[in-house]
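*Asks:* I am attaching a structure below and will ask some questions about it afterwards.
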Amino acid sequence: MPLVVFCGLPYSGKSRRVEELRAALEAEGRAVQVVDDAAVLGAEDATVYGDSAREKALRGALRAAVERLLSRQDVVILDSLNYIKGFRYELYCLARAARTPICLVYCVRPGSLSGGLRVAGAVDNPNRNVSVSWRPRAEEGGRPLAVGTDVLGEPQAVASLVNRRAQAEVPTESEPKEIRAADLPALVASESEKSAEHASGAFYPPELLEALALRFEAPDSRNRWDRPLFTLVGLEEPLPLAEIRAALFENRAPPPHQSTQSQPLASGSFLHQLDQVTSQVLAGLMEAQKSAVPGDLLKLPGTTEHLRFTRPLTMAELSRLRRQFISYTKMHTNNENLPQLANMFLQYLSQSLH
């Protein structure tokens, strides 16, 4: 069944959108399987994205989990950052090999993020690469400033954690001012009510959010592995269930090509004869070269053509060429070539040895 890939930075509402889509599909009686970081790691851990080796292992585990679940019965939803276009292409190839449709849902949060990180331009053009700006908090007297303190009259982001995610408000006063912890929920209550996200067990530090935003490769509908593409800006925009449903269940699956389609298996008799004929040719060649001198034409068993002898040949070299010939012939089986197998192998040896 189809594969739905969710893409976006942390705190963009991906998990909430996944729950919406899963609930809608299950209400229609469809079986839905969700693959996310927590399912693979055992618990959601944001520090994975700060270590390239661990992140690479995570992508491999996510890809393997998706490949195991792809079937004709269940809808598979991948809930992860999926910010690398090369990884999205690998997922596209998995769906193509399974002959099942695929679509991409890109979640963008237009507002501010934790620690002062802001994504600009997402509202104007959600399909382009977003720009990122972030400024760490300054220190005064060797100690970090309190949350919400202004520096030299410049507004400083006030971060708070509401429902285990970060929100931000920018005070308008130019005077340094302390914001009490008791007042923080009131500053962001209205925003949190509008954009409450699915609870996440991971907290992304500002430095990690900035790094993820800088290396984020936004989806582009011009790429075949990024379409059909559905871009959702903010949590207020409704999920396009009708369009997603049409992309998953009404569109044709991408056709397989040579890299994703299994090669036809050769019959047992063909493989047996191929192995037998090539072995006889090698045995005859090793025996004939014992009394041959360079320039002689060697007549080998089962062949009507001759092989010009130029130098002594080792069994290791001939065995390597035999394996290459067998691998190529198995992918291009043709029963009409059975009588010519010995001559074909002799021609292959003649071209490879000179």
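Including glycine, each Cβ sits where the backbone N, Cα and C put it.
Copied straight from Swiss-Prot:
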type	residues	note
BINDING	Gly8, Leu9, Pro10, Tyr11, Ser12, Gly13, Lys14, Ser15	ATP binding site
MOD_RES	Ser200	phosphoserine
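For each feature listed, report its degree of burial, its nearest neighbours and the pertinent distances within the displayed model.
*Replies:* A simple way to gauge crowding: the CB of Leu9 (ATP binding site) has 23 other CB atoms within 10 angstroms, across all the protein chains here.
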*Asks:* Most Cβ neighbours within 10 Å: which of the binding-site residues Ser12, Ser15 is it?
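*Replies:* Counting every other Cβ within 10 Å of each candidate, the maximum falls on Ser12.
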*Asks:* Let me know how many other Cβ atoms fall within 10 Å of the Cβ of Pro10 (ATP binding site).
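*Replies:* Result for Pro10 (ATP binding site): 24 neighbouring Cβ atoms inside 10 Å.
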